[in-house]
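Student: First, the structure itself, so that you have it in front of you.
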């Protein structure tokens, strides 16, 4: 949900600083008002080009921008395909759900792949009250839930293996699961790297494998010493230790039994790792969506001299400000499609989609209960080593309220003049906002730091449903 600055300047995502400067000079000359007879359209395009240059030419600003760019724009190498993080929720549901659903009621979510905002009256009927002091000036039609209340009410997970993986593909017949989750509802998908023909080694088999490695090592050492007439004591020690170390390591690798199972359910997700034997669970986490309130996702694009190096990722799951789960790591896929063995990354990426679906299914009920949905930003304190939750936005039917220590500022839908993004921030201008020349502004304008905003995917869809603004 951000402007495609690379497209504006006709650049590739790995463009160098010199290429950015060259593209800016060409575009600025093309759209400069002086060369276009003062055309308003050219002036707007010129300002857009200038904005793109300001972001992309600044390494820090570009790094922040790239974090959101990978989420909302398909990579140049995958034109026409959909990434798991960009897949619309209808497609996600149809691929993974094992249950019947009325797909005609679920086509309200559109793929987020274009730039800018436009007014969308899809969820809004005719205006019945133009009083700007009221928050309920329109009637709103909410989309049908993806999962029925009956399906949502099932918290205990049935003891039945999933039949599809997290990418919507049928699991292989020889896929084996060494455990199943307890409380994530009906299973939607699963992943396992264990096969039915894979069995753990017994202690006797492991002992025999290591003994064989030691015997082969001794024979190899004797053969080397005799063939090459090694008489130096130091070299004899080396030729004794090296083969032994290598063969013992190979014996350990060949007898290793370490596997992982991950699951997505209607009401949560889970991950389990076993070692030595299937029932020896050494690492696990199981999250029911009722146990969390906020999700913050950060993807840091690491570049050196404008060349992609890696992506650092972090999934932070909170319950009312308390950190419940922190999943972080690094991958080396520029289009954010690492190998599937990056199980924590893929599990939480797909869980993010189902968490958004969960929140959308509960949107109407939460609005009836409180009258608004609250969104928070999270800041990390180095001194305390903890995250601080700051209530930032309240979104309701036909209004958005910005919260701060100085007070609240509310925009009703008729009072919103313009919605747009700049860099990684979403801006909303009030009808009283005016920009005079390039430096002077008057009236109200508020920004939303999307990178720090919790439940970002849910916010973008709720913003569309409740205020009628969607990507153009």
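Using the three backbone atoms N, Cα and C, a Cβ is placed for every residue, glycine included.
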Student: From 160-182, 183-205, 206-228, which range did TrEMBL mark with transmembrane segment?
Tutor: 206-228
Student: For the record in TrEMBL, which of the ranges 126-143, 234-251, 252-269 is the transmembrane segment one?
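Tutor: The range carrying the transmembrane segment annotation in TrEMBL is 234-251.
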Student: How many helix, strand and coil residues does the domain 'J' (4-69) contain under DSSP?
Tutor: 50 helix, 0 strand, 16 coil
